[in-house]
Amino acid sequence: MSCRWGTELWDQFDNLEKHTHWGIEFVERYTKFVKERSEIEISYAKQIRNLSKKYQPKKNSREEDEYKYTSCRAFLMTLNELNDYAGQHEVIAENLTTHIICELTRYIQELKAERKSHFHDGRRAQQHIENSWKQLESSKRRFERDCKEADRAQQYFDKIDADINVTKADVEKARQQAQLKHQVAEDSKNEYLTYLQKFNKEQNEHYYNLIPHIFQKIQEMEEKRIEKVGESMKTYAEVNRKVLPIVSKCLDGMTNAAASIEPTMDTKQVVESFKSGFEPPGDVEVEDYSLSMRRTVSESSYLNSRGEGKPSRSNSRGKLWPFKRNKGSGPEDCSHLPPEQRRKKLQAKINDINKELQKEVDQRDALTKMKDVYVKNPHMGDPNSVDPRLEEIGQDIDKLELESRKYEVKDHSTEHHLKSRSTDFDDDFDDEDPLPTIGTCKSLYPFEGQNEGTISMAEGELLYVIEEDKGDGWTRVRRNEDEEGYVPTSYIKVSHIRKHCI
């Protein structure tokens, strides 16, 4: 059903003015809503990014080492997807600003100017018809007044004309006065009729042409405003809908990250991380003190050889290999680590060196080709200009190859020690007679001897050396007659060693 404000609301100028003013305020309120939503999206995206950054692994930290586990890698993937997810909320904020806030802000200014113009025309038309009405009312009152004066003049003449005592001259004068008043009244009537005709014509033009035209423009303006709000609301939904595919991909990425977790792989990684490489101790044999015989110790028993024979020389029992260190870092040859872990560390160093070596070789090959080009085409460059860099790269390659061979030797020796040390430990305590002192040492770091066959020491403590390091990273020391055991060689500084002491 169609409706026209110009015909149906012809007398509601003031209400239309109030309504259109409210309409502009509504657009402004909706624009403010979108702006606040945009600010929320920006703030939310920032918080999400900060959260993702907060839980990212720190470089060269223990947290970074944890990401060898599939569950930790899955968490890192989730954090990365979350960062991308935050980016989509930034896209929402940007599109809301560009496609709605800026657009509506510009449109509101245009709308205010258009509304002002229409109602200015309406007021001018209203003022014109009011002026015309005032002229009509003024001519009507003048006509009414002149008619009353003509009527009074006629009555006065009739009275004078009937009085026999009045002279003829007075009667004539009264007659002329009455005629004059009648003429004035007639002129007033004609003027009134003219204004009446003019007003009716203008009123018809005002209410059936001019006002409908102005109100129609106002109605079109209002419908356009409503349509504009509707388009903005649709855009608002589309801005949010547009990022859903990417948000969905982010969520799919998180789901895939969760699916990538392999519990068996992670538990296997624990073995790779902590496996020492030692064989477990053998059975403890019976010691019959009722017989005058020496106790035999199982050759495969690491536990017996390190502590059971002489319990007074071991102050604690626990793990089978001591690593704990409170200060400093492990030596370059990783001798402070158990054989299996040492082998892995050394192999990792070898791999890193080989990567650097390959880079240098590639660079040397590239420079060699460049030099060949310069030799064949001297105008392109001086071949000798490449020589200093080639020499420098050659020196770097030599250093890396030397370092690689050094670590390979250590890696091979580790495997040898891993096989031989298990039998060495079995023989360490076979002899009941205490070993003689061959030198002294000072501890560089505190050490907690929590494992069988080891001894604790404090930083700066002086101890006696009774057996040198056999290449496995451990030195046998004695504190007093009843306390002796192994400590990491890298934790002590040995001095005054007497050679060939038995």
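Using N, Cα and C of the backbone, Cβ positions are placed for all residues, glycine too.
Going by TrEMBL, these are the annotated features:
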type	residues	note
DOMAIN	1-266	domain 'F-BAR'
REGION	297-342	region 'Disordered'
DOMAIN	336-413	domain 'REM-1'
COILED	343-410	coiled coil
REGION	412-433	region 'Disordered'
COMPBIAS	412-424	compositional bias 'Basic and acidic residues'
DOMAIN	436-497	domain 'SH3'
| request: Tell me the residue counts in helix, strand and coil for the domain 'SH3' (436-497), as DSSP assigns them. | output: 3 helix, 31 strand, 28 coil
| request: Please work out the helix, strand and coil residue numbers for the domain 'REM-1' (336-413) from the DSSP assignment. | output: 72 helix, 0 strand, 6 coil
| pLDDT averaged over every residue in the domain 'F-BAR' (1-266) | 93
